[in-house]
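I am attaching a structure below and will ask some questions about it afterwards.
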Amino acid sequence: MLAQSCCLRLLILLLLFKSTCSVREKSQKYFKNRKLRERRIKLYGTKKTEIQPLLISTWNYTDANLQAWSVLQQGPRRTRMAVMQGCMACQNQRCGRLLAGGSSPDSEGTLTLEAAIMDGEHLEYGAVAAMEGARNAILVADAVLRYTKHSVLVGKSATKFARSLGYKEEFLTDGRTKSVWKKWRSNGCQPNFWRDVRPPPTENCGPYTPLPEHLHQHPMHQEYAITQGQHDQLAFLALDAEGKFHVASQSSGAQFRIPGRVGDAAVPGAGIYADNDVGGAVASGDGDVLMRHLPAFLAVEAMRAGKRPDQAAKWVVQRLLRHNTEFNGAVVVVNRRGIYAAACAGLDEFHFVVSGGKGYLIMARVERIKCLERESEVVDDGPKGLFPTIPEKQAVPRG
């Protein structure tokens, strides 16, 4: 009887000890997980982290930016309409030599447009290129995204598609277009985009025939010149309070391009790209170079791999310069928390316009970057000037 009592007491003590150890292990595991969770929140935030709506557009057209911003302010899930409004505003305001300005015809004197829009939530993309007869090309690009299973439509077929959906056909070429084109023809069609043909394209208008391959000179590629107020592509990026991105671009194409040419504004990842899980990017510059390297896509993927927006922007521009030493252009990068950065090269100065962001009262503020040929300044979400590199965990929008 005594032996049974001792065994029972021993069993009870063992059970109590095991229970105590189990509680201790669970407690330690809880606090360990709590510390890990707190660390993750500190570094990366949570789904409930407050995001301030943000509207960014390339170059310094503040009115178009404000019109897009007014749409974004109406509430969540207005990013699509906001970027479209920005593109249409620039169409109507004749931003630069863009769109309705009529001063960017192809080598036959015809004005064509291209545009694209991308949804960062579903990674859906719609674009048109080399399209005649439709003034608001961004509306047609949006229709490609929403009503078809395709991504890009081009040329007269894109115009036919627009007409089938009820968009009014308009003759875009005007007196200014003809005047600019005639002046270019009288100057021997200089500059143009031909090479390794005869007669020499540096002196003649053509028609051209190919040179035998052994006569190809492969001269150093001269980049397409981009100067303030003389660019032909604009891009808009919108981020709402729910962390949803839309990006869009619209262009009238490189001046005096060969007919049929598709530009960066219509190519996924060249002029625009967005992924809600990571962020978004817009690029501007020599479109043929941008199409070869897809800088907007590269910038987003660089952030996915762990780079901060300022690091991603600078890395992309430096990569472009390694292969195209005369490249002129810029990239603006935004992560999923609304932290933005930009880098440029080959220009005297690059401008982009920002509305929104945490702590900012001034809307449509113009950010300016002084650019170098091989090294770029980096703007890191702040006032104008030179900006230091700051650790990611401290890179919160400053008020």
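Any Cβ shown, glycine's included, is placed from N, Cα and C.
Features from Swiss-Prot:
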SIGNAL    1-22  signal peptide
DISULFID  Cys90-Cys95  disulfide bond
DISULFID  Cys189-Cys205  disulfide bond
DISULFID  Cys344-Cys371  disulfide bond
Select one residue from Cys90, Cys205: among these disulfide-bonded residues, choose the one with the most other Cβ atoms within 10 Å of its Cβ.
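That would be Cys90, with the most Cβ atoms nearby.
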Can you tell me the CA-to-CA distance separating Cys371 (disulfide bond) and Cys205 (disulfide bond), as a whole number of Å?
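Distance (Cα to Cα, whole Å): 34 Å.
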Rounded to the nearest angstrom, how far is the Cα of Cys95 (disulfide bond) from the Cα of Cys344 (disulfide bond)?
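It is 20 Å, counting Cα to Cα.
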Can you see whether DSSP assigns Cys189 (disulfide bond) to helix, strand or coil?
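In the DSSP reduction, Cys189 (disulfide bond) maps to coil.
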Calculate the distance in Å between the alpha carbons (Cα) of Cys90 (disulfide bond) and Cys205 (disulfide bond), and round it to a whole number.
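Cα of Cys90 (disulfide bond) to Cα of Cys205 (disulfide bond) measures 32 Å after rounding.
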